[in-house]
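Below is one structure, written out as structure tokens; comments come after it.
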Amino acid sequence: SKMAIAVAQSHHMFGLRPNISGNIGYLEEQTIVFPSGNQVVRFNIDQKQQRFIPGSDKSQGMTAIALSPNRRYVAIAEKGEKPTVTIYDMLHDQSKKRKTLSAPELQTSEFVSLAFSPDSKYLIAQGSRPEWMLVYWAWEKSKIMATMKTTNQSGQPVYQVSFNPQDNTQICVVGNHIFKLFRYAEGNLKPFGFQKMDLQNYLSHAWVSDERVVVGTDTGRLLLFENGELKTDLTGSGLGSSQITSVVAYSKGFACAAGAGMVHLYEKTDEKDFYRKTRIVKVGFIIPPDHHSTDPTQAENQTILSLTVSPSEETLVAATDRSQLYSIALSSADLGEQASFEQLTHSFHSRGITGLDVCIRKPLIATCSVDQSVRIWNYETNSLELYKVFQEEAYSIALHPSGLYILVGFSDKLRLMNILIDDIRIFKELTIRGCRECAFSNGGHLFAAVHGNVIQIYSSTTFENVSNLKGHNGKVRAIAWSADDNKLISTGMDGAVYEWSAAAAKRVNEVVLKSCAYSGVTVSPSGKHTYAVGSDKSIKEITDSQILRTVDSGGVTLTQVVMSHSGRMLFCGTSNGALRSIKFPLTDVGEWLEHQAHAAQITKVGIGLVPTNTNIYLLLTDEDNLANILMNKFLYTQFMKITYDDQYLVTVSEDACLMIWRVSDKEGRGVKHDREVPYAEEILITKSDLEEKVGKADMSHCQVEELKMENEYQLRLKDMNYNEKIKELTEKFIQEMEALKTKNQVLKTEKEKEVAKHEEELAEVVDKHSKDMQDLVLNNTCKLQPLQFKTHKYQELQAKSQRMQEDYERQLQDADEGKEQALEELTEYYETKLQEKTTQLEQANDEARQQQREYEETKRQIEEDADREILDIKNKYERRLRDEIETNMRLKGESGIMRKKFNSLNKEIDSKNEEIKTMQQEKLKLENVIKSLEKDIHGLKKEIQERDETIQDKEKRIYDLKKKNQELEKFKFVLDYKIKELKKQIEPRENDIKAMKEQIQEMESELERFHKQNTQLELNIAELRQKLRATDKELHHERQRVRDSEAVSKRMKTDLHNCVGFLQDPKKLKECVKSVYETHVHDDVVSDIVDNAPVKSDIQKEYARQREHLERSVASLRKKLKDTEIHRADNVRIMQGENVALIKEINDLRRELK
């Protein structure tokens, strides 16, 4: 087949490296940057897309990350013999490497903290022990501007460094009992702002202005420094004594992480001198305790290691020590009393992943981890479908091809579980403790589980133990089913690769190489070739119990191996966490492509199962220390599932990260199939759950109906209330209108009265004036004659004036009405105009803003294009200049080389001439030597001829000896036959000897048993004798007590008899009785005579009978033992004599043979 090296490209990654400084940052408002495995991930939160920056090939892992203030550059520090810092340009989708910085003179292996200057042109890096040197770079020129030792005299560690946000020359450094400010000047970093104070363990800090720094300690203190002097202690209630692990500043104030999952927000006060705490935000309430985790406080007990704020300062993101990412909105509307963080992406594994598998009928990946969780991922949507936390650690996992069941090996049992819509539920347990490897067959009807050195095969339907495969002498490290499930391949720490027949439960092929502890194995699609890797740093191709080819891996330990279903792609995992794509078919000198994958070694490899129209998944698992694995500590082995479509690869690692790769052959394509099989949409659900859900749905439906009825009732009530209110208001307004009408009528009546009164008064005045005029006319006719004309004219003028006044009043009234109407029309007109103008103004503002945005976008694009063109031109001319310089240097070097060659050739010519002279002299010498040697040759030829004659004589003698040897061989054959006959005679005797020896051993054991019985009987006899002596002593004591009692009784009887004589004399009788009482009571104090029953005679008889029986038994056993020893000695003598005779006969036969 055609040789090719498969190509693997990073596609998606789940996980976070928590132990890297600055491990979270915002590149844009919707794009974050974080480390995962040995990669830096650019993750778009909205589009759920990722792009990757891989680590360097020869590095030992990332230690710190920094994002420039202009959010264009990312600096990545990597560990190595000499630490390096690589700077990437993030302007475009494909991150471009700009510079690689190093400081060869530093005596350290890593940088613990990085920071960019405010203008993004300078970079500082804090080295680790033993020197703790701070390096100040002008990174665009790769020039070290200054270095400074930042630790104290006792060499305490430094945790974080940063630039003043307004000044490129000011730097802050914090650490354990270290708080220092430096200023760059004249090529040196000089400390400033030092004051005497009690130093503490400072864990984190942040600049809140160009002069002030907030610093957090391990005891929960929050200190505000201004120009290096302690301004105030911001520690208040709520911080307690928890470590302040991270501080981040933003325009309104700052946030600090203190305690288990707690973030405290501080805002500036009006005095501009201090900050006040406004909110406490808690990580928690994300994982329902009854759904996933058995510990409801698990989420809250995380320690936040890093905080960052989005460019618009709307979102705060936190990274925790359990590899989780959380976010929260900083807007005041969203920060209520119950404000809490939410998961930013998905819940990741927090500790090393120990198992991995995929299925055929669903796009699912199953993983398990030492964090006690089992997780189900969807590789089609790149999301976490389901997870559950258990009480025990999980060591292995297998996913049924249907995607409906999983098999998980826990520390106490192997459990089969159903994958439900929202839960993982156990339905069968097998008593296999600490199962480190399990796998379903490709058909799903069987599954294999490793139990120590034994592989147990079970039926997936009856759960019966079908067979046990025994043969490994060490722990089984990996198992793999063949494509047709007829074979099972296993490897172990004993250096064995076994091929088993699953049906016959027999071993059909084997290869054992004890010098190699195998860790991974895969089988070709045809099942004829097996590929295994192990501790000997090579990959082996095995066929029919023979190692066909061994390919060296270049000094790197390969931990696992897997082959695609097409048989065209081969992948290996290495001990440094890299993924290798091996050129296939294998050649004696291996070729490969290496891809950076994880921060821990890959120890598990496998290809998963997916449908024909979708993706293949290789399963690679990493685990911490291969040496520990080989020493029986954590044994995580492989799972391999062949698919129909070779497009994807999944890797998981001890660094708790899961990574998906896109893989293809050399032509960039996978195997295509005509028939498409869609993913199964069916899910499992128990009858009780279904009934419960149906019941809940019915209950919800009833509640909805009830709510509808209640809402309708409430609406009717509200309508009635509103109607009543409307009626009340109507009646109220009608009453008010009637009152106003009445008032208006009253006013109208009063007006009419006033008008009538006014008219009467006017009429009276007119009459009065008329009378007065008449009187004046009559009285002054003469006087008024000249004035009649004037009076007439005056009257005419008065009437005209009256008409003009009425006309002007009418015009004024019309003008007022026209004015009001015109004013209303103008008001409406100008309001309409104002509204139109306002709308036009808003449209104009929108257009202006749009034009401004377009202008800014155009400007940005032009600037980017200009920058890109400038960079391209710069790079082009730099390349040309570099090429010219290199050409010039090369020509100069070639000229110098030619000159040196010319001089060296002249010297060589001289030396050759001298060598020719010496050669000629040596030639003469050699000619003389040749002549002498020719003489020697002539003499040697004569000697050879003589020796040939001698050899012929020897050959004749050898021929005679061969004939004699043949005769001896015939004789030997006869003797061998006799020896066999004799051996046949010896074998029954040896069997007799063996039987006699066994009989002797049995007799000795029986003798020993009799001896023990005898000893026990002697002990019993001694015990019985002691009991007899004690009984005799007690009997003697009782008899003495009886005698004493009888004497006392006799004395009492005598005294009482004496008292009887005084029966007629009461006084003497009283004195006598009193004397008896005092004598017997006070002298003896009521002696208590207890009648103990004497030892019964039948017990003594029983003791005597048992003793007699035991003595007879001992005597008979001693006699039997003596007889046995006599017979044994006789038998041994007989057998020794026979053995001597046989040995003598054998020696005689040997001598005859010689």
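One is the number of the first residue shown, and numbering goes on along the chain from there.
Positions of Cβ are set from backbone N, Cα and C atoms, glycine also.
Just so you know, TrEMBL annotations never went through curation; they're auto-generated.
Keep in mind the model is a prediction, meaning the values are calculated, not measured.
For the repeat 'WD' (346-387), the model's pLDDT averages out at 90. As annotated by TrEMBL, repeat 'WD' applies to 346-387 (among others).
Long-range Cβ contacts of the repeat 'WD' (469-510) within its own chain (Cβ-Cβ under 8 Å, at least 6 residues beyond either end) map to 436-437, 439, 441-443, 445-446, 448, 450, 452-457, 516-523, 525-527, 530, 532, 534, 540, 542, 544-545, 560, 565, 606, 630, 632, 635, 637-640, 642. As annotated by TrEMBL, repeat 'WD' applies to 469-510 (among others).
Residues or ranges marked as region 'Disordered' by TrEMBL: 838-862. Long-range contacts of the region 'Disordered' (838-862) within the same chain, counting only residues at least 6 positions beyond its ends with a Cβ under 8 Å from a Cβ of the stretch, are absent.
Look at TrEMBL and you will find 846-862 tagged as compositional bias 'Basic and acidic residues'.
Annotation source TrEMBL lists coiled coil at 1100-1152.
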For the compositional bias 'Basic and acidic residues' (846-862), how many residues does DSSP put in helix, in strand and in coil?
17 helix, 0 strand, 0 coil
Pull the DSSP breakdown for the repeat 'WD' (469-510) and write it out as helix, strand, coil residue counts.
0 helix, 24 strand, 18 coil
